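For reference, TrEMBL has these:
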ACT_SITE  His64  active site, proton acceptor
BINDING   Asp65, Val68, Gly70, Asp72, Ser74, Glu86  Ca(2+) 1 binding site
BINDING   Pro162  substrate binding site
BINDING   His192  heme b binding site
BINDING   Thr193, Asp237, Thr240, Asp244  Ca(2+) 2 binding site
DOMAIN    23-319  domain 'Plant heme peroxidase family profile'
SITE      Arg60  site 'Transition state stabilizer'
Amino acid sequence: MAALQSFLYFATLVPILIPINAQLTPDFYDKVCPQALPIIRQITKLAILREPRMGASLLRMHFHDCFVNGCDGSVLLDDTANFTGEKTALPNLNSLRGFEVVDEIKSAVNRACYANVVSCADILAVAARDSVNLLGGPGYEVLLGRRDSRTASRNDANTNLPPPFFNFAQLLSNFQSHGLNLADLVVLSAGHTIGRARCTTFRDRIYNDTNINYEFAASLKHSCPRTGGDSNANPLDSTTTRFDAQYFRDLIAKKGLLHSDQELFKGDGSGSDPLVKYYGYVNPDRFLTDFSASMIKMGNMKPLTGTDGEIRMNCRKVNN
């Protein structure tokens, strides 16, 4: 074991082991470590079997990584003396989860590859895709070759991640600032077709919003009182362990859990109302196709490639 650890450490100092490529490609690991993607899928599958909610958590982690200075694995870094990372930012604190699954994947691919060649940022991208696919969603082709950031910023996470109280204009502006458009906003938000949210993120909606089904709001108040129960979690849609178009149908029924979700459907034909109706009832299969395209687009947001950044040995800290 000691010999393997020494070899892995040495491998971080030898960049020639890793393809130098300024563009992301689907076959990036085909030669240096063909076992990498099957291992990521296997461990992701086991994690979801243990806890179905983990699929949504891994998808969310990739989203939160990409929206803060690009898809660079920065969300995984623990705080250091030199920076306060993203884990304690308001959108992530006591909420973002699945770090131990990423640790497990990273250790396994390092062992299988006999070298430190698979980036933490790429692990997040592949685990997100596999989570979606394993829960019934599309199996799109992930572009690979990202490298890992050597720093992280809590302030940037607080600034760049859209909170659950945003209105439609704020959501669209946020997505456009990242090079994404209205369709991307709608289909990527529908990642909420899986997973759960804490009471603290939807309390204001169920007690104060008017664009909400009365019976739906009343049912949520049992587990989310006006005070207390902040961490009590409820499903983000009515088929929370299956990746499907139910999210859109729930919005049309005014049963979006988060204020920001329901902002995508006002019921007056404005904003993204037509897209929500289209994906919910007219062509649900098109949602799966468009979701794949938007995930690939998001995954290409400002990645570190070539000789920028590094391949972290441990996803929680920069290399020595």
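The count begins at 1 with the first shown residue.
Glycine too: its Cβ is placed from the backbone N, Cα and C atoms.
All annotation found in TrEMBL is predicted automatically rather than curated by experts.
Cβ atoms within 8 Å of the centroid of the Cβ atoms of Thr193, Asp237, Thr240, Asp244 (the Ca(2+) 2 site) belong to the same-chain residues His192, Ile194, Pro235, Leu236, Ser238, Thr239, Thr241, Arg242, Phe243, Gln246, Tyr247, Asp250, site residues excluded. Take the Cα of Asp237 (Ca(2+) 2 binding site) and measure to each of the recorded positions Arg60, His64, Gly70, Ser74, Glu86: the nearest one is Arg60. Of all the binding-site residues in the record (Asp72, His192, Thr240, Asp244), the one with the smallest CA separation from Arg60 (site 'Transition state stabilizer') is His192. Of all the binding-site residues in the record (Pro162, His192, Thr240), the one with the smallest CA separation from Ser74 (Ca(2+) 1 binding site) is Pro162.
Rounded to the nearest whole angstrom, the C-alpha distance between His64 (active site, proton acceptor) and Glu86 (Ca(2+) 1 binding site) is 9. For the pair His192 (heme b binding site) and Asp72 (Ca(2+) 1 binding site), the Cα-Cα distance reads 23 Å. Across all of the domain 'Plant heme peroxidase family profile' (23-319), the predicted model scores a mean pLDDT of 97.
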